[in-house]
Amino acid sequence: MSDLKSASMSNATFVRPAQFYLSGLSNVPHDKYFYVFLCFVYIMTVLGNGLLLSVIYLVKTLHTPRYMIVFNLALTDLCGSTALIPKLLDTFLFDRRYIVYEACLSYMFFVWLFAYVQSWTLVIMAYDRFIAICFPLRYHSIVTKPAIAAMLLFVWVFLLSVVACTVGFLDRLSFCGSVVILSFYCDHGPVYRLACNDAYLNYIMAVVGASLSVVIPLVVIALTYSCIGIALSRIASREEHLKALKTCTSHLILVAFFYLPLLGTNIAATTYIHPNARIINSTLSHIIPPLLNPIIYSLKTEEVLTSVRKLYKISRLSSMTSSKKVTSL
């Protein structure tokens, strides 16, 4: 084929395409409106998470272990959406569906990395709630800034290594047939299934990825909330019971929005899943949680809202003072 190039590695020849073709939604009328909707979601995601990052950074009282986790979630939400949506819009709104082989692997790496980190940040949030409710007297000695920083650093380094291996193993594959990726971005499953040589190692990495991004985090969160449920059952005060439940509800909503679409996609990934179903599930799991996180989990909390009002008053006072100075001159 004229659009294929060969590369020799370890005395073997791997045939790689110069470009892949992203199919996107198939046989869906007015699909442009879907991508316009994604554009709107991206703008709101940037505004919401950007505001949250700014508030946490500027307000000293929010420099706590809990808000270190929230800051990390907002950062990965912002980076994950930026890694995915602008390229997606460029591909489908402007009909630039061909993507260079190397760019496709880079695209996949960043989308997967931020999705993995989002997942494990939710696990760390569940751990924070677990300590706060089950060991309230020891909370400040257990959940410290160094401890949370170490957990977040480990998550980033470990998951970066896993995603790098997952994407790197695609270089062992030969693509001598179709170059059409049945997805709206360079997703791992649809890419490695295009290979014409043995892709068993890539299948194993897909299973490892599904376990690390969905199964293990869900099991850990379920165990955490089981312990929280047992602890709450021992609380006699109804008010304390409701207060503890309120702190957990928003996190559980985010868990549901993030994991249910991913769980559905990964369960079906070992067999056949319709490309449109994969796209809708991927959209829900990659696009909606970053939009909702700053609203549900953070901006509804009294600490953040108070900090936003305080920053607004300070900025308003400073602008009034500067305008008075200009008038006096």
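Glycine residues also receive a Cβ, built from the backbone N, Cα and C atoms like all the rest.
Remember, predicted model here, so these are calculated numbers, not experimental data.
Features as listed in TrEMBL:
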TRANSMEM  33-59  transmembrane segment
DOMAIN    48-297  domain 'G-protein coupled receptors family 1 profile'
TRANSMEM  66-85  transmembrane segment
TRANSMEM  105-127  transmembrane segment
TRANSMEM  148-170  transmembrane segment
TRANSMEM  203-232  transmembrane segment
TRANSMEM  252-273  transmembrane segment
Selected stretch (most C-beta pairs under 8 A with the transmembrane segment (203-232)) from 33-59, 105-127, 148-170: 105-127
Arithmetic mean of per-residue pLDDT over the domain 'G-protein coupled receptors family 1 profile' (48-297): 88
